[in-house]
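Q: Pasting in a structure now, in structure tokens, and then I'll have a few things to ask.
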Amino acid sequence: MAAAARPVDVVRHFPCSSSVAASSSLLLSRSKSRLASPAAAAASSMRRRLVLGVGAAAAPAVAALAASATPAALRDCAATLLITAGAYSLVRAFDGLTARRLIEQNLSRKIVHVLSGVLFMSSWPLFSNSTEARFFAAIVPLLNCIRLLTYGLRLSTDEALVKSVTREGKPEELLRGPLYYVIVLLVSVLVFWRQSPIGIVSLSMMSGGDGFADIVGRRYGSAKLPFNENKSWIGSISMFISGFLLSALMLFYFSCLGYFTVCWDLALGKLALVALAATVVECIPVNDVVDDNISVPLATMLAAYLLFGYSSCC
């Protein structure tokens, strides 16, 4: 009986032994493949040691800098990091929506156009009252300038970014409207900052006014302007209304925080004239020569300076 059972035992145990052999051969093949690229392993190890070494060397300097930094500098650094992360997340979120075809490319581009300026302005009170605060805030548009130059000059590629912020999906388009936009953000921070209504009104007209003009004009702009077939009556009216309302809202926001004074009985009429000037400039058929992201804020800055002055809205 025992002798008869042996073949059965062998049959039962044979698959297990074969699976073990297969597993062993698989492990050996993996080991061979790993050993087959010692250069890659050495490079990876070198990169790890380099990163750890740089981190270890920089840690004391970072700790010393943090210990010697003033509370205002720490606050400004934290605000810069937070806003930079928010700006990157905003663009990436609409990248994803565009890639999944949940939103049209042109609509995505203009929503990013509107939100970028509005959210950036709204975040300015996060910075301290130090004289250096504006330079920390300027880091955010400066990084975006570098990013747009990098992809616009094809030094690197980011197809999702290109699709979400350009009209035709071409990298070189990043060097026009989007780049002009962030340059205006940079200039507004460095020249006007929170103490002047000029930069705030200019960004409101560029982001909100021009942005809503395109959104509404594309959908409902069948009646074109007689002197510019690329612009519509409804789009221009939308720019005037949205730019005026957003400018008034942002002036109210910053005046409530005490950055400047607004005499509302005079300011609203002057603000309407500024919005009208920006709308007229946006209607002029010179977009092939001067981009709207340059002409609109420049016209707004000039009109606001003539009507308001530098530091008040009275």
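Even glycines carry a Cβ here, placed using N, Cα and C.
Pasting the relevant annotations from Swiss-Prot:
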TRANSIT   1-62  transit peptide
TRANSMEM  72-91  transmembrane segment
TRANSMEM  111-131  transmembrane segment
TRANSMEM  135-155  transmembrane segment
TRANSMEM  181-201  transmembrane segment
TRANSMEM  234-254  transmembrane segment
TRANSMEM  266-286  transmembrane segment
TRANSMEM  294-314  transmembrane segment
Q: Mind pulling out the one from 72-91, 135-155, 234-254 with the most Cβ pairs under 8 angstroms to the transmembrane segment (266-286)?
A: 234-254
Q: Given a Cβ distance threshold of under 8 angstroms, which distant residues of the chain, six or more beyond its ends, lie next to the transmembrane segment (234-254)?
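A: Residues packing against the transmembrane segment (234-254) from afar: 118, 121-122, 124-125, 194, 197, 200-201, 203-205, 207-218, 220-221, 223, 225, 260, 262, 267-268, 271-272, 274-276, 278-279, 282-283, 313.
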Q: Could you tell me what the rest of the chain brings near the transmembrane segment (135-155), counting residues at least six beyond its ends with Cβ under 8 Å?
A: 76-77, 79-80, 83-84, 87, 120, 124, 127, 161-162, 171-175, 178-179, 182-183, 185-186, 189-190, 193
Q: Could you tell me what the rest of the chain brings near the transmembrane segment (294-314), counting residues at least six beyond its ends with Cβ under 8 Å?
A: 180, 184, 188, 195-199, 201-203, 205-206, 209-210, 251, 255, 260-263, 266-267, 270-271, 273-274, 277-278, 280-282, 284, 286
